[in-house]
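Novice: Straight out of TrEMBL:
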- A:34-56: transmembrane segment (TRANSMEM)
- A:62-79: transmembrane segment (TRANSMEM)
- A:91-108: transmembrane segment (TRANSMEM)
- A:128-144: transmembrane segment (TRANSMEM)
- A:153-173: transmembrane segment (TRANSMEM)
- A:193-210: transmembrane segment (TRANSMEM)
- A:231-248: transmembrane segment (TRANSMEM)
- A:254-270: transmembrane segment (TRANSMEM)
- A:277-296: transmembrane segment (TRANSMEM)
- A:365-386: transmembrane segment (TRANSMEM)
- A:398-419: transmembrane segment (TRANSMEM)
- A:431-452: transmembrane segment (TRANSMEM)
Amino acid sequence: MSSPELVADDAPADVSVGRIRGDRTPRKLRNLELILLLAACAINGGAIYLVQLAVLDTIDPTPFLLTSMLTIAVLALHITVRSVAPDADPIIIPVATLLNGMGIAQIYRIDLIVKSSGWEATANRQVVWTALAIVLAILVLLFIRNHRVLLRYTYIAGILALVLLLLPLAPIIGKADGGAQVWINLGMFSFQPGEIAKILLAIFFAGYLVRNRDSLSMVGKKFLWMSFPRIRDLGPIMVFWLLAMSVLVFQRDLGTSLLYFGLFLVMIYVATGRASWVFIGLGLFLTGAVVASQSLDYVNSRFRNWLTPFDQAIYDAKRSSYQLVQGLFGLAHGGMSGTGLGQGRPNITPLPQSDYIVGSIGEELGLVGIFVLLALYAILVARGLRIGFAGRDDFGKMLATGLSFALALQVFIVIGGITRVIPLTGLTAPFLAAGGSSLLSNWIIVALFLRLSDTIRNQPKLVIDA
Amino acid sequence: MSDELTLLVLRLVFLLVLWGFIFALVYALRSDLFGAPVRRIKNAGRNDDLIDPFLAEPMPVATAPQQAPTNPVVAGALTEPLAKVPSAAAGPSGTATRLVITTGTKAGVEIPLNGEPLTIGRSSDSSLVIRDEYTSTHHARLVFQNGEWYLHDLDSTNGTFLNARRIGSPVVIPNNTPFTIGKTSFELRR
């Protein structure tokens, strides 16, 4: 070997280190993300343009300035990801951006009917919340460089989640809205702490189950074809069943209670691989729900509205099926391809911007449009599950699975309620619905997905310890 | 109101664009759905599979010896059965699909190769981490180029050895030829 060659090869040591980083394919991933992101932002702008064309017949530049805030915020997130999580999944941010932007366009469309403007306009507030949420996501990415630090705060996360869940019941700040007491009033705006509690609960369940799953999965008696746990190991499931039931009874929120309990069941199932947990849990929950529907008036009315919404007496009753039926009429009015953005009458349904945003979009974009939303959610959830599947450490696996399942379950509860598959409950459609707390929590979930997927791709294939 | 036709067309175009976006996403995900694309190896003319010394029946077809230019000493370290097929020893015997660890604490472990570069070093951002006192932070790298695997030494302190010879510039790694980093030896296998 001649020495000049050696020098040429050996001297630029830092260059070769630089090339190591270039060797992986993050730049390709990030460029893909950028292209998809720009496409999503363009579609968002197009949606606002269509709304204006149909409703105003002129082009008003102000809303475009507003949605450009979303564009700028997601581009900032994209740049952050390039530097701190270059191997992260490239699909997640574009999907979230498109959902968020479609939500803003539809909210703006309803603002135009009810003629609200300035800070009163829900769309403007939604844009500000979006920007805040994305800034928070950037902070999460910057401060949580390794998701495993969250494992240290397992029990703190659990306690915080509990506190957040109970906050709406506190005397001064708690606030009931639309029957459910899930809000806290913070002066200028109100906040739904349960949305943040969702993430904390996922962290807590993941940490708790990673530590304790052996006793939950190893011992037990075999009965029929399933192996059932011991009585004393039933503790945690009973605790969370009680928690879910108390949310149901005291906060009068069927959807949230279903969401938390479902999240717990799936995570315990994933951790232990025992179907019996799911059977026990579902049995308990159904028993609780049936008892509640018999004894609690508001749950009972939800069931009644669900089963016989078109009964005139029920349609006119106090807790009527009016909203559900109006939503169904709206969807029917939309038909296959919708009335077109800005050409339907989604404002007839109560809460068209928050709880019924999917109904509003369904009316104006039709079944074809609803399926776009469902496909976007499906892709997002599939990415989350894929991250969980590819993960190497149990905590990361559990966390990704839990968060994506929570997202999926929430979408099911919302859209299932609107389309009368299950009783209607007041949850928000992730990213779409007007509401700051929901946006904050879902963009934090996006940040966690990005962090988890980056760590997974970065992990060595094999570690040899001498 | 703009005229009905414009709105109708724009409405349908918007739905099409939305679906186009969904299909773009799914297209971007295709490798996840259908697996990574298989690299076709351009070896139409030569029959060069199976020179694995651990497989009992070497292919009788003698291929034209394709001398690996950077690697004149391969024959020296050949194992017994391989030496009986001299033409194949030096030639690139089909693209390697796995990296096998032959000595060291993890001897016998295989790592599948899919054409992506593989970095070896003590640092945890390497694809293959070796934690012993011989390995440098970023020690070596395997790169797949023009149908062959190249071994680059990344200015390591204790060197990377192909067939017991320390390498300087990047070299082609023939299949079934040991290269050593510290106390760990590897071979590429088909």
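Using the three backbone atoms N, Cα and C, a Cβ is placed for every residue, glycine included.
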Novice: The transmembrane segment (A:431-452) vs the transmembrane segment (A:254-270): three or more C-beta pairs under 8 Å (separation of 6 or more)?
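Specialist: Contact between the transmembrane segment (A:431-452) and the transmembrane segment (A:254-270): absent.
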Novice: For the transmembrane segment (A:277-296), which partner among A:62-79, A:231-248, A:254-270 gives the most CB pairs under 8 Å?
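Specialist: Maximum Cβ contact count belongs to A:231-248.
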Novice: Do the transmembrane segment (A:193-210) and the transmembrane segment (A:254-270) share at least 3 Cβ pairs under 8 Å, sequence separation 6 or more?
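Specialist: When sequence-distant Cβ pairs are counted, the transmembrane segment (A:254-270) touches the transmembrane segment (A:193-210), since at least 3 lie under 8 Å.
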Novice: With the transmembrane segment (A:91-108) as the reference, which stretch in A:153-173, A:254-270, A:365-386, A:398-419 has the largest tally of C-beta pairs below 8 Å?
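Specialist: Per the Cβ count, the answer is A:365-386.
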Novice: I need to check the long-range neighbours of the transmembrane segment (A:34-56): which residues 6 or more away from its ends have a CB within less than 8 Å of a CB in the stretch?
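Specialist: Contacts with the transmembrane segment (A:34-56): 63-64, 67, 70-71, 74-75, 78, 90-91, 93-95, 97-98, 100-102, 104-106, 108-109, 112-113, 340-343.
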Novice: So which of A:153-173, A:365-386, A:398-419 is most in touch with the transmembrane segment (A:254-270), counting Cβ pairs under 8 Å?
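Specialist: Ranking A:153-173, A:365-386, A:398-419 by Cβ pairs under 8 Å to the transmembrane segment (A:254-270) puts A:398-419 first.
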